[in-house]
């Protein structure tokens, strides 16, 4: 191929044997002579030169057929002129030179190159090959009806990367591949699999179960959920406030006083009159009522205890009853001069109350997403802990031996340096323990750097899991809103659109036309009376267009 600019080429150097000015290209007497002839093709000022035998390989195309390309011949310049895209013609000419290979230039848009293929009439075969190379769906590869689809592919469904998800979903529905294929496709694409929600068989149990288990099911259910959240928050606030020194009773538990006369007096505070205990009791009453109602209304008692949220509810109320039983037993034991339990055990039992905060996860999508993220990232979290463990052992040993000769060293042993290694690797740095020697400071610097790198490695994976669950949850909520939104007006509009088709009966058409004529006539008379003739005439035109569409 030879490329010539429009300014430097001499018109007299046209292809030998081609017509000069005022004449047409003559038919060659012999095929051999024709094969040696050259032809000049001008594409918007950029000239290409090739041989006729190259174009003659595809006689059905625009350039390969002498009769088709004749109308583009310029007798003054003795060349063929095409006012087309320049970069595309490189690939078009290469199609002739390579014997049928078609490659789109990277700087030419796909739709523009498709138009060039159609213009130069390269044929359906070239177009199909081009579409296949570009990743388009071939006609024979389109989803087949369900039986044929199952027979040929065995049920495998893969969406091409260049086909939007919603468009491919519509294709699946159109070809009626079935619910099984749609579910498998949605699962492969990462959609939320619609969880089965078993409901009790009895009607009243079903209503109670929906009321307490699914806040989005109705207005009263949402009110109950709000009340439950408020009670949980009150319980947590009470748990924190009762530890304040000015509100704390030093005689929470049974104790003894020794008098100078060697007598012993056993005292016991009455917690049943404590305001915190009263509020706590009211909260526990609600929690217990909610748990019992959901237990008796649940469709499966076995699945009820397998649910982690129900397990949290049980753990949240157990400390209260243990504390209550302990206090009653202590009072009875005090009458006998005996103590039922120790103060340490009661404090541990009361500490379990803090897990009541996890009850909020039943009503919080954010906490549920966080739990799913941690569950999916257990491997990465385990890897993080393992790296920290290795770093703690390594750097605590190093800093101990680096500070061993220092009299003012804060590290008396390797286990004593574990705390320093942990707070240094996590970049917390409390400052209660620190190295004082140069070697110890070097070890401390390496420990901090290693901690940053160790923590940073698995964090992107955890963040990626969080983003996945977050977007999956938000997309699921949007889809649920679209699926559950229903309106009578929408249904009537869709019915009207279905009736506004070619299948509409003549009587229905006449009724619509009569109603429109009446409304238009009244509107036109009103505009004429007010002197607005333009609006009246325009309304008639719009009416005619609307009837034509119907």
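Glycine too: its Cβ is placed from the backbone N, Cα and C atoms.
Listed in TrEMBL for this protein:
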REGION    1-30  region 'Disordered'
DOMAIN    37-137  domain 'BTB'
TRANSMEM  223-244  transmembrane segment
TRANSMEM  276-297  transmembrane segment
TRANSMEM  381-402  transmembrane segment
TRANSMEM  442-463  transmembrane segment
Who are the long-range neighbours of the transmembrane segment (442-463) in its own chain, taking Cβ under 8 Å and residues 6 or more past its ends?
373, 377, 380-381, 383-384, 387-388, 391, 395, 398-399, 402, 421, 424-427, 429, 434-435
Chain residues outside the transmembrane segment (381-402) and at least six past its termini with a C-beta under 8 angstroms from it:
374, 411, 413-415, 417-418, 420-422, 424-426, 435, 437, 439-440, 442-444, 446-447, 450-451, 454-455, 457-458, 462
For the domain 'BTB' (37-137), how many residues does DSSP put in helix, in strand and in coil?
44 helix, 18 strand, 39 coil
Across the whole of the domain 'BTB' (37-137), what does the mean pLDDT come to? Round it, please.
87
